[in-house]
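Take a look at the structure below.
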Ligand SMILES: [Zn+2]
């Protein structure tokens, strides 16, 4: 499966993936998903919002167990973010069939469309629409860099844009959703466990800072006469870093736009976007407030006006405690029975094991990254498994997980699905 997916949407120069929603590369990924479903005798279905489902058992049945992730990418993304969860889902089903597992409820594998938001600027569009967190009207206004709207893009890709909207009936039939994902950090890299369980997704948001000064000649304007918004912006970037370091949170200015953007012109406007995330909403609010105050203070000193607009905000997501604890306890128990990684001793049912510790030793981690699982968690009991990423690098061609760790992820996912769907 990995070999089949690997050339799709890969940029020759960067080696990264450009699998944007409703493009040709996306269509190729979706065709691959459908072929995987059909080759396993699963019922393939595209829902009203363009998410793909592969059903074992009755697609209309109740108490379904669903696992999956996404196949789209950020610009020059890595191979693992998204596809690892989808490939592992199919591989976990293969593993369960090899074990002779008997399913007592429907099982589905899902591919949520447009998770990364690389094309239309909003993440998790497929799951947000389904969960009613994005209306059809709002989705209809999303536009890509070429001026193509989301409905136009859907239509060109053969999906009816008139169909989009909340799908509570579908979500109501799901008893549990489990998303496996490559870890986007190094918490697991520090320890012996290739697989961890998610505790929460940090609250996060985007704020636009507009710094307004005065455009003027870089060669003739005395320093004392300048109102240079670039200076205020630079001070604010440094302040964000300092405040974040002081609170254990994250603050990043990763995008900036400058007017008039000339080498020999003092800027009139610098617009910078702050992405900030923290373990809790209070810390996040304090951090962003501190950055805003620093910007205002430096702006006053520089003769620059500062205006801050919150463009998006996602509250903290605490994954369902019961499901999370059940997964962690199960993985820890099986881990102990199998004797830890590398052990092929008695009691080992799968091709690999995970974790070296005894019961309770499976790492439970928070993350700063958003996921479809986070969006769905308000409507469906939801859990996530993370697979160790030795460098922690993500959203980059350098994103990586070893084959052994990926296999351990598949076994862990199979164990979890067996527990949820086979008894
Ligand atoms: Zn992802």
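Glycine is treated like the rest: Cβ placed from N, Cα and C.
A quick note: this is a predicted structure, and the numbers were derived from the prediction, not measured.
Of all the Cβ atoms in the protein chains shown, 26 others lie within 10 Å of the Cβ of residue 81 (Zn(2+) 1 binding site). Sequence annotations record features per position, and here TrEMBL assigns Zn(2+) 1 binding site to 70, 81, 181.
TrEMBL lists 81, 116, 395 with the feature Zn(2+) 2 binding site. Under DSSP, residue 395 (Zn(2+) 2 binding site) is assigned to coil, being neither helix nor strand in the three-state scheme. Remark: residue 395 (Zn(2+) 2 binding site) has 74, 77, 78, 81, 184 as non-local neighbours, by Cβ distance under 8 Å and separation of at least 6 in sequence.
The feature allantoate binding site is assigned by TrEMBL to 206, 264, 277. On its own chain, residue 277 (allantoate binding site) has 202, 203, 204, 205, 249, 250, 284, 368 as residues at least 6 apart in sequence with a Cβ closer than 8 Å to its own Cβ.
Look at the binding-site residues 70, 181, 206 and count other Cβ atoms within 10 Å of each Cβ; 206 has the fewest. Calculated from their C-alpha atoms, the gap between residue 70 (Zn(2+) 1 binding site) and residue 116 (Zn(2+) 2 binding site) amounts to 9 Å. Checked against ligand 1, the binding-site residues 81, 116, 264, 277, 395 give 81 in sequence order as having a Cβ less than 6 Å away from one of its atoms.
Reported as a whole number, the C-alpha separation between residue 264 (allantoate binding site) and residue 116 (Zn(2+) 2 binding site) equals 37 Å. In sequence order, 70, 72, 73, 74, 77, 81, 82, 123 are the residues near residue 116 (Zn(2+) 2 binding site), counting only same-chain partners six or more apart with C-beta under 8 A. Between the alpha carbons (Cα) of residue 181 (Zn(2+) 1 binding site) and residue 206 (allantoate binding site) lies a span of roughly 23 Å.
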